Amino acid sequence: MYACQGSSQGSGSTASSKSSAVQRAPLKVVVRVRPLLGNEARAWNTIRVLSEQTLMFGPKVENAAADAWGHGFAGDGARGNKDLIFSFDRVFGPDCNNRDVYGASIQETISKLIDGFNCSIFAYGPTGSGKTHTMLGNPDEKGLIYLLLSDMYTRIQNEKSIISFVINISYLEVYNENVRDLLSPNSNCLKLQEDGSEIFVQGLRWFCPSSLEQVMLMLQNGNSQRTQHPTDANAESSRSHAVFQVRMKLTRKDENGSVVSKNVVRLSMIDLAGSERAAANNNNAQRLHEGANINKSLLALGNCIQSLAFGRNHVPYRDSKLTRLLKGALGGNSYTVMIANVSPSNRAYEETCNTLRYASRAKDIKNCIRKVVEKPDCVVAGLNLALDQARRKIATLTAEKEELRNKILAAETTQKDDLLEKMETLLTIMKDVLSAKQAEAIATDLAATLECHLEEMSARYDEKIEKIQRLKSFALCGDISVEKIQEQRAVKCASMKAQLRAAKLELKKANDAALAAELDLEQWLVENEKPWTDLIGVFKQLKEYKSLSNFVVCQVQKNHCKSALEKKVTEKNELHQMSRCNVTREMISNYRKIQDLIKNNHQDASEGLQLQSPTEQHQPQPFSFRDTPSYKVHPHNQRAATYRPHMPTPFTLKDTPPRSKTAYSNCTPPAAGSE
Ligand SMILES: Nc1ncnc2c1ncn2[C@@H]1O[C@H](COP(=O)(O)OP(=O)(O)OP(=O)(O)O)[C@@H](O)[C@H]1O
């Protein structure tokens, strides 16, 4: 709705502007006496308006005739009989409305603004005296701000052929010595910055409304943000000082359209918080704190007014945020109107008296006003402003950059998580595919087995049928039993077929599942081409690792075989060794048996045939293994004298050649274990 200017520039649009001609302009001070309100029916009236410029405060008894509204005067009270006469630029009695006040004291500020002068209007007075009623009004009675802006827009419309206007507005409040932007309620407390004689509010937003309606809407929004709390004197008491500012850039052109002059003027409209007695706050801690701050700032304002009125060199503007903000309006370059609002009720006796005294003193303040003409050296102000804006933009951009960096970091983390999640999904799909493939393989195997089985069964069945047929033809077997057999076979065959069908169905399901999983995988791969490619890389690597591991396994197996073989050889050798030992042992035993036999034969011969004693007749040849039948002297190796038994054939007696009895008589057996 509003074009935001984004400027924090406060009261000093004229920072580097040069004055054309300096004029001494006294503060215009008007007093407005509000009527006694419904709840003040029994109150005494402390003010009597004498003329358009004078009033009497605390009139004496003889002057205390009932006023036009039938109220008596406080002349006969303890604090009466003062008969103080005050004169001001204008006095508005209780019968005057906002339009009267506007027409007689404010309307002329429009001409001053368009002529190039800064203007300030502020409402001053105790709580419940009618400041807000005067400045803002209500739906039935528009306030001075509305009336002034409304006239200004009409004037702008009338003069747009010769003057072009650019209007910016801002609205702030000073509450408990903190400055808040009422048009950006979420903003923090704002800081005041001084640039020479001018005051800037850092971070204050300026808006560019396109119509009077927009201005009033913004004003309304700002008012809704303003701090208000009920007090004894006012149910809707404003507990802050509100400053509404309008900055106008005026560009005058001649009949040819050439720029004649440029002015940047400022109109400040201030609704001050009302002073009050601490006792009137019912001892509420927050209200007391507020009241103390309000009173402190109003006291600082009173001191500034006093210093300015007495022409002192030092004006204590820095004593409060309010006086710092009003520096331009009080004693500075501004045509200023002070509206002192007072209540005629004797309940506000002290406050009214003080207000009238300060207002009277303020009349002596003379501001130095000069036309604010935008000249080349004003460019410096513009540049300062631009610099200020650029700095703020840099700060904003830096903050945005930081925010973006954080967002990118967060996004990266999320993407990583996403990728991991996708990988997990892929793994799950792959597992599904694998199990589907395995199920398919099992089902295929089962189907093949069943088919084979069925074929085999069918063949056997056919065979049996044939056999039965044959038996039927030749044997006694009746038709009925053959039929039964056939029936049983058919049942078995049907069950086998059913099994086959079920297996085929399983196979189909497995196929479908595999297909679906493959499709899922394909889709996933399309969606996640990159992680898939990466995965393929991983799989390739895995394949390489697998072939490597196969190779290692082969090597291990080979080694294993080798060691098994070696073990077998060792076993064989051991067996061989054992069998050799056995043979030797058998040979020895055989040899002994032969010796015994020879002995026996020899005895028999000696007894029966009267043979010569072998010792006498035949010296037996010493036993040599050459005599054994297994000994073979190779014709080409006559020198070989080593006994090499023919291992598989055990040595037996029947293999020994017939020999003379004496030949064995003195034989000695070979040592056990020798070859
Ligand atoms: N001229 C007037 N005519 C009729 N009623 C008035 C007039 N001035 C003030 N009032 C009424 O007096 C009451 C107090 O007025 P207002 O809120 O404007 O006081 P105030 O000075 O702004 O007080 P505070 O400082 O506590 O905010 C209101 O109900 C208002 O309607």
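Note that the numbers count up from 1, one per residue, in the order the chain is shown.
For all residues, glycine too, the Cβ spot is worked out from N, Cα and C.
Nobody curates TrEMBL annotations by hand; they come from automatic prediction.
Predicted, not measured: the structure shown is a model, and the values here were computed from it.
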Which listed span TrEMBL calls coiled coil, if the choices are 30-64, 240-274, 275-309, 380-414: 380-414
Cβ contacts under 8 Å made by the coiled coil (493-520) with residues that lie 6+ beyond its boundaries: 429, 432-433, 436-437, 439-440, 442-444, 446-447, 450-451, 453-454, 457-458, 461
Number of Cβ atoms other than its own within 10 Å, given for Thr132 (ATP binding site): 25
Assigned element (helix, strand, coil) containing Gly125 (ATP binding site), judged by DSSP: coil
Sparsest-packed among the binding-site residues, when each Cβ's other Cβ atoms within 10 Å are tallied, from Thr127, Ser129: Thr127
